[in-house]
Amino acid sequence: MFSKVYRFLRGMDGIFLLCVFLLVLFGFLAIYSVALSQQNTEFFLLKKQLLAFSLGFLFLLFFFQTDYRFLKGYHHIIYAICILLLLAVLIFGQTIRGTKGWFELGNISFQPVEFAKMGFIIFFARFLADRPLPLSFQDILKSGFIVLFPTLLVLLQPDMGSALLFVGVWLFMLLFAGMRKRFIVLLLSIFIGISLFGWLFVLEDYQQARLQTFFYPSQDPLGEGYNVSQALIAIGSGQWFGQGLGFGSQNQLRFLPESQTDFVFAVIAEELGFVGVLVFFFIFFLFFIRILQALYKTKDSFAQYLLFGIGSLFFLQFVVNIGMNLALLPVTGITLPFVSYGGSSLMVFLCLVGIIQSIMRQRSFGQNG
């Protein structure tokens, strides 16, 4: 029995997996506390998150046991399915909090954009792996069309946060591929132009208000700046050791909105304090270090781009979400990986962990390359 389990899990990075489990545990504890504040004795959100974790862990094991290189042969199909799902959700999807980005079947909801992030990284990793370096202008232009389709479809929902993630991961992967400096300047110029156009003609009024509140949150503490103001109060009230799990005043008195998603970090900081936050950050730090170590040791170019793309997605979501909670970045609805409530995002993150573990496994067996 134990020998079969050992053979099945052989090659898995235990430290990396432990980091994932601990981060998920932080999420469970925060969601449990939020359920207490809502007087939800049935813990409906926590049960849904546990179900998503169970399914996601099965996907993790599947990708771990499958050679990651099989994704090379299906990258076109994966990307096409993701684009079709993003199109379908605009037609048949449900609108939640102003964004038409969910399929709903009873109590089960499914957010295609989370799977599109994974599909984009797989497709773009294969694209870059097949290109000679340094990248030519034609290659960069082609890559722009690869990121353009999902970005535009997500903007139509509208989901500005996810659109920025697509662009951010795209830029990070281009920089990793060794893009020439003049192309970097060109892309920055295009980005500034698109940003101005987006501000004038694309952004909804509430999105403009969020950006304005980011620069001047104190001007509207009871309106658009309310969420950030309450998050800052929650974080500050945690002090050194926190108010205790389930005893955070901002959370339990329901002053903190979106406490299970956008502002879950504020719940952790309020109830576990500065020491708990340090432990939380250390786990994330170790998580990223293991990805960088795998990237350094991997020789296969497709695996390198996969690792860097996945790592970039995790890093950007971590930085943006924490920045939102600390009023350092605008509120964009970006979830905190493994921690924020959301079944679709948790399952996709676990799938990505499975792909990373597969790369580590092939490397440990000397089959990478």
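Heads up, the Cβ atoms here are built off N, Cα and C, so glycines get one too.
Copied from TrEMBL, the annotated features are:
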type     : residues : note
TRANSMEM : 12-32    : transmembrane segment
TRANSMEM : 44-64    : transmembrane segment
TRANSMEM : 76-96    : transmembrane segment
TRANSMEM : 108-128  : transmembrane segment
TRANSMEM : 162-178  : transmembrane segment
TRANSMEM : 183-202  : transmembrane segment
TRANSMEM : 272-293  : transmembrane segment
TRANSMEM : 305-328  : transmembrane segment
TRANSMEM : 334-356  : transmembrane segment
Could you tell me whether the transmembrane segment (108-128) and the transmembrane segment (305-328) are in contact, taking contact to mean 3+ Cβ pairs under 8 Å with a sequence separation of 6 or more? yes
Count the CB pairs under 8 A between the transmembrane segment (12-32) and each of 44-64, 162-178, 183-202, then give me the winner. 44-64
Chain residues outside the transmembrane segment (162-178) and at least six past its termini with a C-beta under 8 angstroms from it: 113, 117, 120-121, 124-125, 128, 131, 133-135, 140, 143, 146-147, 150-151, 154-155, 184, 187, 191, 304-305, 308-309, 312-313, 316-317, 320, 332-334
I need to check the long-range neighbours of the transmembrane segment (183-202): which residues 6 or more away from its ends have a CB within less than 8 Å of a CB in the stretch? 135, 137, 140, 155, 167, 171, 174-175, 208
